[in-house]
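Participant: One structure coming up, written as structure tokens, with questions to follow.
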Amino acid sequence: MAFQGKKLINNPDNVVTEFIEGLVETYPGLQYLDGFPKVKVVLRADVSSATYDKVAIISGGGSGHEPAHAGFVGEGMLTAAICGDVFASPPVDSILAGIRAVTGPMGCLLIVKNYTGDRLNFGLAAEQAKSEGYKVETVIVGDDCALPPPRGITGRRGLAGTILVHKVAGAAAAAGLSLLDVATEAKHAAEMIGTMGVALSVCTLPGQVTSDRLGPGKMELGLGIHGEPGAAVADLQPVDVIVSHVLKQILSPETNYVPITRGNRVVLMVNGLGATPVMELMIASGKAVPKLQLEHGLAVDRVYSGSFMTSLDMAVVERVAFNHVVVGSIPTDRFSITIMKSDQTVLQRLDAATKAPSWPIGADGCHLPSKIPVPLPPPALATKNGETLGGPVQLNQQGIILEAAIEAAAKAVINLKDTLNEWDSKVGDGDCGSTMFRGATTIIEDLKCYPLNDAAETVNEIGSSIRRVMGGTSGIIYTIFCKAAYTTLKSSNLDNITPQKWAEALEASIAAISKYGGATAGYRTLLDALIPASEVLRKKLDTGENPITAFIHSSEAALAGAEATKNMQAQAGRSSYVFGEILAAVPDPGAMAAAAWYRAAAVAVMERCQAAS
């Protein structure tokens, strides 16, 4: 049975911006860029890219994990934090804004949790920033020890251990080290950390119902910070038993996730994930220290206590092993334990002074202005022939057909919102439909401004609409899709794009998604709908079949391919953490969305052409 979660919020769509406003009012050392709701960046009030003479440390990700990441902005830790929507990776433009705001001649280090959307968005932002002349290095943190290797192309998830990497990197940067040296220390720290979580309940997204997936008397071992299913569900045990299991899993010599052996020194972090009482977290940390000492032969140098990386209202505990011990609380009945191997350099960085409000440490000083303007990008190159893109006064036949196809495709996605969310709640983080809905509604709103008589530019503008509003992996994937198609279509000198050129554009888009996302056929992604469609479309066109009929047949292949994902084991995205028996009951939401808009576009083209004949 599911029920509406109770939360102290206003409009669920405004929770992130209102959180940021409250944060900067509370702590005088923080500001935010005046770009709401698209740009959500918290930064140090005493740093400007024009004058900053140290390496900038930038991190971020989906919101809902507070105080991570904005609560760790401050001298000695992060220089800026990029906030995405709840459980959605921040868009490229927000990341670029943060880089431009705080990065001086020493460059910046991006610390990224190992999730596909974060890697793609921060990666694209890094490449764009480099092209603008910034020095940028990136460190990926994947400290999850819950799921056995291998994890396919996805790898280990980034969890609470990321906060220790923030501290090490921030202290190294504050000491005046070069970008290369700061990145080296951060990478070394990331390789020394292991984390595992235990949950008694799952988290509730703002405005959505609470799931009762676990049921009474059960706990889940190793679930992710977005509430995605973990390694196993078991009967609730005393905290002694739970702590022993988690420590053994993190320090297992069979998986060898962390290079920690008897005789080493470590740091311990017990991190509450939301609704776990401080009393229970202290009990867990009190049991963990002697077990590390007596059962594993490790010296515990530091123990940290507080909220570090939460998961809305989830009850969980995470542990980090790093030569220190940290205890934290996060919304939701769960905690995680992180263990980090330590040495004198690591201890020096962890002990270094910081003004980050959630390390925790007190704040001092007077308030500076709460917000500053968003930095403008470098002047853009003039468009072709100096023309301004916009809706044509009169549509030609191609424009009429293209308009109908786009509108039908977007409406198909809008109508599928709730179904996509329901599927995604079982195999992901439950927001696929909402994310796709934002993109589709924006496309409908922008449709009147698209240069519909120019197919290539229209596809490019669709990509711009998506990039503006869609967060997470879906947003960046579809932006890449449109950019690759645009490049192919733009190479045509024909006024009217031929069916063969459209087929070539689809093939180029699929190749680009596969290149940057790492997935291919059979990975249980949207490509399992698009690849069969592309293959059928090419085959039908090459044999001389009517292009409209070929389009319809290819859309049928897309639907069949999407349905077939029920029989696939995910190898990319958050579904790769979910067991096969759960996946078998649900098709991949991304594939179903792709098949839906592709089918709707094909039918619309057929109907429009029939009406014109």
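Placement of Cβ uses the backbone N, Cα and C atoms for every residue, glycine included.
What TrEMBL shows for this protein is this:
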- HIS226: active site, tele-hemiaminal-histidine intermediate (ACT_SITE)
- GLY62, SER63, GLY64, HIS65, LYS113, ASP118: substrate binding site (BINDING)
- 11-359: domain 'DhaK' (DOMAIN)
- 400-603: domain 'DhaL' (DOMAIN)
Participant: Are there residues of the same chain, six or more positions away from LYS113 (substrate binding site), whose CB falls under 8 angstroms from its CB, and which are they?
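Facilitator: The answer is GLY61, ILE140, VAL141, GLY142, ARG157, GLY158, LEU159, THR162.
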Participant: Check the binding-site residues GLY62, GLY64 for other C-beta atoms within 10 angstroms of each C-beta and report the one with the most.
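Facilitator: Going through GLY62, GLY64 one by one, the largest Cβ count within 10 Å is at GLY64.
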Participant: Please work out the number of neighbouring Cβ atoms within 10 Å of the Cβ of HIS65 (substrate binding site), leaving out its own Cβ.
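Facilitator: HIS65 (substrate binding site) is surrounded by 30 other Cβ atoms within 10 Å.
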Participant: For SER63 (substrate binding site), which residues in the same chain are close in space, meaning a Cβ under 8 Å from its Cβ, but six or more apart along the sequence?
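Facilitator: Correct list: VAL15, VAL16, PHE19, LYS40, CYS83, GLY84, ASP85, VAL86, PHE87, ALA88.
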Participant: Could you tally the C-beta atoms, other than its own, that fall within 10 angstroms of the C-beta of ASP118 (substrate binding site)?
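Facilitator: ASP118 (substrate binding site) is surrounded by 28 other Cβ atoms within 10 Å.
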Participant: Can you give me the average pLDDT across the domain 'DhaL' (400-603), rounded to a whole number?
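Facilitator: Mean pLDDT, the domain 'DhaL' (400-603): 90.
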